[in-house]
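As recorded in TrEMBL:
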BINDING   A:H192, A:D198, A:H328  Zn(2+) binding site
DOMAIN    A:22-359  domain 'DUF4910'
DOMAIN    A:72-162  domain 'DUF2172'
DOMAIN    A:361-436  domain 'UCP01524 winged helix-turn-helix'
Amino acid sequence: MVSFDTIRSAADAQVDVGIRIYALAARLFPICRSITGGGVRETLRVLGQHIDITQHEVPTGTQVLDWTVPQEWNIRDAYIKNASGRKIVDFADHNLHVLGYSKAVHETMPLSELKSHVYTLPEQPDLIPYRTSYYSEQWGFCMAHNELAQLEDGEYEVFIDADKTDGHLTYGEYFHSGQSDRDVLLSAHICHPSLANDNCSGLALLACLAAALRSRKTRYNYRFLFAPGTIGALTWLASNEDNISRIDHGLIVSCVGDGGGPNYKRSRRGNAVIDQAMQYVLSSEGRRGIIQDFSPYGYDERQYCSPGFNLPVGLFQRSAFGTFPQYHTSADNLDFISPENLASSYGMIMEVIDILEMNWTPVNLFPKGEPQLGRRGLYSALGGDKAAGETAMGYLWVLNLADGSHSLLDIAQRSGMSFRDIARAAQLLRANGLLAEAVS
Amino acid sequence: MVSFDTIRSAADAQVDVGIRIYALAARLFPICRSITGGGVRETLRVLGQHIDITQHEVPTGTQVLDWTVPQEWNIRDAYIKNASGRKIVDFADHNLHVLGYSKAVHETMPLSELKSHVYTLPEQPDLIPYRTSYYSEQWGFCMAHNELAQLEDGEYEVFIDADKTDGHLTYGEYFHSGQSDRDVLLSAHICHPSLANDNCSGLALLACLAAALRSRKTRYNYRFLFAPGTIGALTWLASNEDNISRIDHGLIVSCVGDGGGPNYKRSRRGNAVIDQAMQYVLSSEGRRGIIQDFSPYGYDERQYCSPGFNLPVGLFQRSAFGTFPQYHTSADNLDFISPENLASSYGMIMEVIDILEMNWTPVNLFPKGEPQLGRRGLYSALGGDKAAGETAMGYLWVLNLADGSHSLLDIAQRSGMSFRDIARAAQLLRANGLLAEAVS
Amino acid sequence: MVSFDTIRSAADAQVDVGIRIYALAARLFPICRSITGGGVRETLRVLGQHIDITQHEVPTGTQVLDWTVPQEWNIRDAYIKNASGRKIVDFADHNLHVLGYSKAVHETMPLSELKSHVYTLPEQPDLIPYRTSYYSEQWGFCMAHNELAQLEDGEYEVFIDADKTDGHLTYGEYFHSGQSDRDVLLSAHICHPSLANDNCSGLALLACLAAALRSRKTRYNYRFLFAPGTIGALTWLASNEDNISRIDHGLIVSCVGDGGGPNYKRSRRGNAVIDQAMQYVLSSEGRRGIIQDFSPYGYDERQYCSPGFNLPVGLFQRSAFGTFPQYHTSADNLDFISPENLASSYGMIMEVIDILEMNWTPVNLFPKGEPQLGRRGLYSALGGDKAAGETAMGYLWVLNLADGSHSLLDIAQRSGMSFRDIARAAQLLRANGLLAEAVS
């Protein structure tokens, strides 16, 4: 148990943390990431300037659970030129322009044929969509529907200088060591190219949070994972089967820079401590967070909460993926996220960590009747005062429910009191020899 | 397991099934049934023209659980004549005119004495009530209150040519053999005389449903029971104690020809699969079915759900017994039921049977992480498409909840998806080697 | 099992019981009680004129659980005189004037110093507050704020003739012996001085209730406890650890003379039979009683429901403590309580006792199918009557749920029928050999 006093409120550190997260997200934004390749490595290099990331390289062809690590994809250049030789689409302008994992191509073809390789959003005609084709051999471009509509008939030169070669799948880990042998998993997907909210925001937030934890003695180990979606999570799970039982709590972090939500999707278990803690934080301080039950579509909670693992891992977001118009388009840019929103997301996650750190299950050592709080200086000397009982309510609730089956978070929820007040009461009762921690 | 494709929607067969059920109910309507006697046999003979019914004859005096099979009652004629010798009540006009199980009588008596043997409905003065006295030695007539009121003082001749003799209690069974050794029980009471909804409708519907099942390979055995209420069900239970544990699901069918409801009364268990399935069907396709908890008054669910059996047997009705003004009166006639209502009742029961047939409990054979659906052709090749995830939701829900503790019906309810979509997804996953059936 | 017929409705005895309770409360009101001392003994002496109370004397210094029995406090006189020698506060006028457990004092001091020893209620300036200081060595007076405000500067003589000496803690018990070895605990705190509702009302009500039980054969033993709050309950618990497992139900009774509520605070278990029974009584007959979950602040339910005992003990009140303006002030006087309110509180507690006495868990001896009620004279002979089923519903509900896991109170709640009707049906079924009592 870490002492109560060493756990400072996250609020102090939050003043300019939003600016730092935003600046880091802005540095990550231009990098062309995919599920493998140089973009992931460059992203880890930038993150590594803040925290000591361990970079893992898993060879193409490695079997990971039901999947196989694919070939590595790297892209150098891509464009479409019209008959006049003018680049009407240029990868250098925006990395969303190229279908992710496109194979190389260099051909000239009429507009009609070109169109079968071009993805647009007719209902959002000024935006470039984000499209990938990881496991099917294709090539393609993405562009604004209005620009496609203006193209005149004629021959177009398409050029994609990319290759898929045997190489590696890359992911990064940062490990903050705590006093126990129990882990908290914090994970953000690293595979999306220039999409600011999804998920430069999550990568930058976790990196800054990891940096902040360095100065803190914690009870839990904190395992930060920066890995490509799906195949990265599967690779990590396949490589860490022996450690998985140590994960007591986990959180997927994505889309944490916009002003929506906050949203929390429960773990498959539905009533894990992380679910309780997130629900507590998202309903305290006037927040009207949205809590949704687990569903098997989303980010890597899909993998962590598959029935064979069923880990207590939930998903924290501001706007929920797929529900905001900027989602998976070029409008998910640096204007869509803000330091203020990043700071408040950071604050909520830090509050959850505070709860995980301070939560424990007390056992009343004087369970028969109330122990005499007065002679221990824990109770107002003056009886009959209407307010006197109120001030002692924290002690009374903790003592009454300290039967080894209620955590402090349970007691806070049952009593309607704040977790902080309950935790403080429990600490003082313990210091006075009235409580012990339950053997789990 | 029957294959998904062989189970056709009941909708195709439903076009004229309502007409057929109505025609059969109309043939059954005039027959004077009671809990024993020739009327039951004649009813089974008519039903037997549609399906091969096994007729059981249980002798008077046989002990069945706490009851004894009563003497058999048969009636040939009955009337009341006024002083002028005119028949003012005639059994030949309507078999409700005679109190069920009346003993024989032939007397002349003043109106005042006659009245103590006449049952009417003062609040529905034009209708003849339905009354019986199975276990108490009485005689009586039923008539419209208005007609009774018009009778002048004077002597009346009452004549009932009926007898109670040692004979048999009669009931019929039809057995549709399935591929497993597990049973579904479908039961309708056969003891009511000329009451169309209660229960010519249920008898006719079950007979047509049994006929329709003949051409269908099913997983379950379907055991159709046409038996008198209470004593018939008790007799069947007493005779089948060894088979009762094979009943996985059961439904009592009555009052299925009017336009009310639909109503479903849960089994005593409250959460049996039949309860789930009925609730699903009665809340799908815009139906606003009424679901009620079990109560110990009603039809033969009273016996099947007695605490010593506690079978998963519910009650399906349109208007609930006792709640419609025609109930147990001469207004429950062939005008009160319609082919359309019979067809829709039939359709709902067939939907429930479809669910029972298609429902199974899957176990994910690749429970760690998601299996790679793409290389099995089960997943859109193109990532990033907002709609792509939606189409795959059936696979994801089934895989995620396929831990051996969720049936497909559970998964449909948890996911909010249709049972049909979930069942189709499960079938495809199983065909691809990703699922097995849980060992129960 | 006590027979149903011997348990008369409490209503008959209720006509003038309110007057008797009020008269007794009025006799108790002037006595200066505290947690020890002559006032408690005098109170027990008055109660002892109604019932044979066993008086227990526990020596100062006795260890009771985590507490120690304190010195005994007795007070003879107390006043404040102004410079003219006029008594401006006199203990003889009202025993609330002295801080409970004040040490002796006889000094002269200026007004400014006096004020640090005087307690008032600025927001209720005409009322004298009730204050105590049991475990901290102080002296003090309580008075109306308006009177304090009118005091002129000058010297005041303060005099308290009280002593704390080694002596005893006193409590009383009355035991009503029933036919079983299971107990019901009924407890009222005896430690408050001249406060009519809190708790002369509870003491007087329980004494009259105990007197009424004398003429009644009961299944349970009834253990009445008149003990000082907290230390008295702890002392009793410490002295009765071996008997505690015999307590099946318990009720703390306080503040039962005003017109508020009724209020019931559930035991810590939340679903004990006493909780069920109280909820039933407080929601029947048009009462809109308030049911609150357990919380660890209040009266001696704090001790009985501490996690090491966790007894099924709830709290019955009219207005809830701390919520009414008269609470712990001189306005909680004999005008605040009334015979009518005392009578209705008495009636509700007696109804709960009736339920506890009549409640049992039946087992159907004919659990397969319904037993034939008709041949046992328990069922209308005439079938088909729409109302016939209703009258038999009590039998059917009891028989159907008589599987050894439902008490009669459970059955009443599940069926929506009255407890009395269910209990009567169960008694008749049992008399007919259809039910037995479950072995607990």
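The backbone N, Cα and C atoms fix where each Cβ goes, and this holds for glycine too.
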For A:D198 (Zn(2+) binding site), the three-state class that DSSP assigns:
helix
Where among the binding-site residues A:H192, A:H328 do you find the Cβ with the fewest other Cβ atoms within 10 Å?
A:H328
So, by DSSP, how many helix, strand and coil residues make up the domain 'DUF2172' (A:72-162)?
14 helix, 36 strand, 41 coil
Against chain B, with Cβ pairs under 8 Å, which of the binding-site residues A:H192, A:D198, A:H328 show up? Give them in sequence order, please.
A:H328
Which residues does A:D198 (Zn(2+) binding site) neighbour through Cβ under 8 Å, counting only same-chain ones at least six apart?
A:H192, A:S254, A:C255, A:F321, A:Y327, A:H328, A:D332
Count the residues of the domain 'UCP01524 winged helix-turn-helix' (A:361-436) that DSSP assigns to helix (H, G, I), to strand (E, B) and to coil, and report the three numbers in that order.
37 helix, 7 strand, 32 coil
On the three-state reduction of DSSP, what should I expect for A:H192 (Zn(2+) binding site)?
coil
